[in-house]
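Participant: First the structure, then my questions, so here it is.
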Amino acid sequence: MPPRKTPSKPNPPPPSKNEQLEAYRARQEDTVLTTDQGIRISDTDNSLKAGLRGPTLLEDFHFREKMTRFDHERIPERAVHARGAGAHGYFQVYESLERYTQARFLTDPSLRTPVFVRFSTVGGSRGSADTVRDVRGFATKFYTPEGNYDLVGNNMPVFFIQDGIKFPDFVHSVKPEPHNEIPQASSAHDSLWDFVSLVPETAHMVMWLMSDRAIPRGFRHMEGFGVHTYRLVNAKGKATLVKFHWKPVLGTHSLVWDEAQKVSGKDPDFHRRDLWDAIEQGNFPEYELGIQLVPEGDELKYGFDLLDATKLLPEELVPVQKVGKLVLDRNPDNFFAETEQVAFCVANIVPGIDFTNDPLLQARIFSYLDTQLTRLGGPNFAELPINKPVCPVNNHQQDGFGRQTINTSRANYHPNSLGGGCPMLADPKSAFVHRQERVEGHKIRARSGSFGDHFSQATLFFNSLSKPEREHLISAVEFEVSKVERAEIRERVVNQILVNIDRQMAERVARAVGVAPPKPPKASDASAGKPAPRLKASPALSMENTPHDSIKTRKVAVLVADGFAGKELSQVRKTLEGLGALVEIVGPTLAPVSSADGSKETPVKTFQNTSSVLFDAVYVPGGDKSVTALKKLPLAVDFVREAYVHCKALALSGAATTLLDAAGLSQPMAKGLDDSMGVVRSARNETRGFGQMFAKAIAAHRHWVREAPPPA
Ligand code: HDE
């Protein structure tokens, strides 16, 4: 029988991803311990021995199985992005985008497409801390009715290199150095800055890495970017260039560097925990999908090449249209089975989306499946529950380690007549068909001239930041480069890179890292050849211009000891909780504390086991006795001092205002600091308007005005 072209029956509707996973969940309530073969076991604490004090016997299959399984529990961690946290959720498009794409998940507003998202850091090992200075991965697997679509992005819109062939070089330079495997999860070392100083195309991304974007408040507070220019393709085959964005509904917020370093020690799981807790509490993280659309043929219209991944497309030139929402509403059941085994792949695309010739993207199309063959132990990892599409999978790819599917057909080749021609070829209308594109050129190992400008957008980014953000960036560069041991590398960073971005910054860094200041500009400098910028600044690049209007899910510590002002606390708490904040009582011990009016509060944290760096804001209610006790506790005083130094909202009332003195803060306060600067005070134990003012201060996120001015 000749192969048929189209299936006679339509595919059955796919199950939801959750239904599909349900078939794999193994619940162990009311079960009995067995071996992997199902043999019941009545003793798993003593190995089988020849005599009570004799040697263990080889015959002990239970011991051998238990130990052998343990010995093989680890799989290779991801070469990059090893540390991460994942969550399930769904994506829904607001209105059909059929004008631009035929992808079902982007054209059917009634469709809730299940997703699994994994956030990650890049450089550190699987056990490294969450709040290190690094890029964050933001990878989304859409389980669409037409197959899996993976949007594997980062929280920064550009990348370090332009051509994927340089990826191993870049990653080797940023990872711990090969001789001693130091430093862990840090870019502050010689090899990274050596690479940066020799590869000017890194300049723009290095500015992002040195910015506060590299120390996000949480995964819920960061943007995501597809980075590359992709194509949307509609049913008529018309293509439109597209850049993908994720915009967090809570706004984009960061930590401060001193805080981030302390959090790394106090709670290395800070971001993972924040994501987990938010979902458990029903505060589902939400992000809007944004797209920037550019007609085909306009790749070079904006003064740079849209195929160059070291460039962003300013929102002021092409606005971001918000087209749908991603909601993360379910934590994984098992970290290893889901978050560790999920395999994202840039090559996983569905009809309606296509690649471009961005040479970084082209390399990624190869790399992901390739690395997963090793990481997940062979070619059958798409059958793992977390990776399995919700639509039918039929092909002749069989065998290999860990094969699950039992293909019953005798024909495992195409074309065939033994299997009735099945699986049949799909109708091209419903299939993925690579968009035809005319390609012409010499076989050549070279870089396009249109990729030549490495500094304009680095400068644009730097100039677009608010003053405090710029100061943070400069301090970050000073910190990092000062850790570089070789003076010639520090000197090259200043003179080959920084000076071409911003001369004043270069001069300041030169001073801080003990190298000669940059020489006056010469006509031959790279910066001298910089094209005139189309935009002086792109306000959308500053986090200050993202939403600051909500205190939803912000964590507020309330510091108490016996004798606190109980009525005041309950009213302020009511206001804050009413606005969605999470209030936690911190006391000297976990034993209940009594207020001056006799009510009781049970602390959930103590000064010993937590710290202000783990909160967004701090409130100390009045009450003479309570405040006197707090003043005697150095950790409580430190709590207030650190919250102040990290520019967080503080609320102090009644006697608690004197804690500022105890924390050594009366001097800066005396210099005209007022409530608008995020320290909300009330002389009496008063609540009217106080909670509201505090809430406003928390919503502002940080009060940078309190930061010490930079040295002259
Ligand atoms: Fe990746 N990247 N990458 N990358 N990447 C991997 O794939 C690679 C790049 C990104 O949570 C690896 O399965 C190359 C840009 C994320 O599991 C590997 C190049 C962007 C994740 C790999 C890049 C990313 C990865 C390691 C340059 C943002 C984690 C483990 C050509 C747009 C996904 C794995 C997860 C993971 C290769 C550059 C994002 C080695 C060759 C640009 C979020 O295949």
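Even glycines carry a Cβ here, placed using N, Cα and C.
Pulled from TrEMBL, these are the listed features:
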type     : residues                                      : note
COMPBIAS : 1-16                                          : compositional bias 'Pro residues'
REGION   : 1-20                                          : region 'Disordered'
DOMAIN   : 34-422                                        : domain 'Catalase core'
BINDING  : Arg78, Arg118, Phe167, Arg364, Tyr368, Arg375 : heme binding site
ACT_SITE : His81                                         : active site
ACT_SITE : Asn154                                        : active site
REGION   : 513-547                                       : region 'Disordered'
COMPBIAS : 523-532                                       : compositional bias 'Low complexity'
Participant: Report the mean pLDDT of the predicted model across the domain 'Catalase core' (34-422), rounded to a whole number.
Facilitator: 97
Participant: Through the lens of DSSP with three states only, how would you label Arg78 (heme binding site)?
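Facilitator: Arg78 (heme binding site) sits in coil per DSSP, no helix or strand.
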Participant: Around Phe167 (heme binding site), how many other CB atoms lie within 10 A of its CB?
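Facilitator: Result for Phe167 (heme binding site): 18 neighbouring Cβ atoms inside 10 Å.
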Participant: Highest Cβ count within 10 Å among the binding-site residues Arg78, Arg118, Tyr368, Arg375: which residue is it?
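Facilitator: The most densely surrounded of these binding-site residues is Arg118.
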Participant: Would you count the other CB atoms within 10 A of the CB of His81 (active site), including those on all shown protein chains?
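Facilitator: The answer is 23 other Cβ atoms.
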Participant: How big is the Cα-to-Cα gap, in Å, between Phe167 (heme binding site) and Asn154 (active site)?
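Facilitator: So the Cα of Asn154 (active site) lies 15 Å away from that of Phe167 (heme binding site).
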Participant: Could you state the whole-number distance in Å separating the C-alpha atoms of Arg78 (heme binding site) and Asn154 (active site)?
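Facilitator: Cα-Cα, rounded: 16 Å.
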Participant: If one looks at the chain holding Arg364 (heme binding site), which residues at least 6 apart in sequence have a CB under 8 angstroms from its CB?
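Facilitator: Listed in sequence order, they are Val152, Gly164, Val346.
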Participant: Given that the record lists Arg78, Arg118, Phe167, Arg364, Tyr368, Arg375 as binding heme, what is the largest C-alpha to C-alpha distance among them, in Å?
Facilitator: 21
Participant: Please report the Cα separation of Tyr368 (heme binding site) and His81 (active site) in Å, rounded to an integer.
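Facilitator: Cα-Cα, rounded: 12 Å.
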Participant: Show which residues of the chain containing Asn154 (active site), separated from it by at least 6 in sequence, have their CB under 8 Å from its CB.
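Facilitator: Set apart from Asn154 (active site) by at least 6 residues yet with Cβ under 8 Å, we have Val135, Arg136, Gly137, Phe138, Gly224, Phe225, Val227.
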